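Features as listed in TrEMBL:
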- 9-37, 72-73, Asn77, Thr103, Lys253: NAD(+) binding site (BINDING)
- 11-169: domain '6-phosphogluconate dehydrogenase NADP-binding' (DOMAIN)
- 172-298: domain '3-hydroxyisobutyrate dehydrogenase-like NAD-binding' (DOMAIN)
- Lys178: active site (ACT_SITE)
Amino acid sequence: CSRSMASKTPVGFIGLGNMGNPMAKNLMKHGYPLIIYDVFPDACKEFQEAGEQVVSSPADVAEKADRIITMLPTSINAVEAYSGTNGILKKVKKGSLLIDSSTIDPSVSKELAKEVEKMGAVFMDAPVSGGVGAARSGNLTFMVGGVEEEFAAAQELLGCMGSNVVYCGAVGTGQAAKICNNMLLAISMIGTAEAMNLGIRLGLDPKLLAKILNMSSGRCWSSDTYNPVPGVMDGVPSANNYQGGFGTTLMAKDLGLAQDSATSTKSPILLGSLAHQIYRMMCAKGYSKKDFSSVFQFLREEENF
């Protein structure tokens, strides 16, 4: 990351959840003073104790910072943060760089970009991949959509939080890449959970089965980095009763975005649609706040699935 004086000007950060919290901390580690806001005041406490400035609305963030990163759960939350009564656009400065790392509908990103442009500012969508572990270690992958001439400015900040910052094209293409990635992730996680469950019921030791999968053609991120079976890996949600990580509700939301995009582009996503229904069913059966890898537990419990 650049160490120029410009880099030392405050950066706004809105949304300090499971992902936003460690992302903001990595900006702090690189010497950026933060102006922060979260709808839940408790999320800001440790930042305030560390000397960062906490404000009472997204508009206040925009008043004090001309580079702002938002990391929010849904399209509705993003629209509220930017266009709401006390949203960023109420006090945004001309020339500001607004980077949205939420995973939302590409069409919403495009609409927000138009509103931001009317105010003389720049909007880029930059959703992330890698999960909470990568957020903590600063090894996220950012998929960036927006005006190419502004990419270097965005990259300076995003490079403090991720090891891969990839320019995808116009506004919305970052979201498109993320939606495709998460659809594949959901499908592979369900597949990994099914294979592990079948193997265990056939009498295989889960650690041995995981080892075999990970040296064979079935290997994938869900099997070798984020295994869904409790006791197979340390430091993953399955080792902690599926707490933390990437919530089932959020995965269901992302699969809904994939379904909407598939409908609008007339693209067949047979497994993607089935994955969407499975995660929606999980939300209805009490898994909404558990990590999405809890699909293994769900399958174990659904004897008549």
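Including glycine, each Cβ sits where the backbone N, Cα and C put it.
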Can you tell which of Met19, Leu34 has the least company, meaning the fewest other C-beta atoms within 10 angstroms of its C-beta, among these binding-site residues?
Leu34
Spacing of the two Cα atoms, Ile14 (NAD(+) binding site) and the residue listed as 'active site', in whole angstrom, works out to 20
Other CB atoms within 10 A, centred on Thr9 (NAD(+) binding site):
12
For each of the recorded positions (Lys29, Lys178), count the other CB atoms lying within 10 A of its CB, then report the residue with the highest count.
Lys178
10 Å Cβ neighbour count around Ile14 (NAD(+) binding site)?
31
Would you mind checking how many other C-beta atoms are within 10 angstroms of the C-beta on Ala24 (NAD(+) binding site)?
27
What mean pLDDT score does the domain '3-hydroxyisobutyrate dehydrogenase-like NAD-binding' (172-298) have in the model?
97
Report, in whole Å, the straight Cα-to-Cα distance of the residue listed as 'active site' from Pro73 (NAD(+) binding site).
14
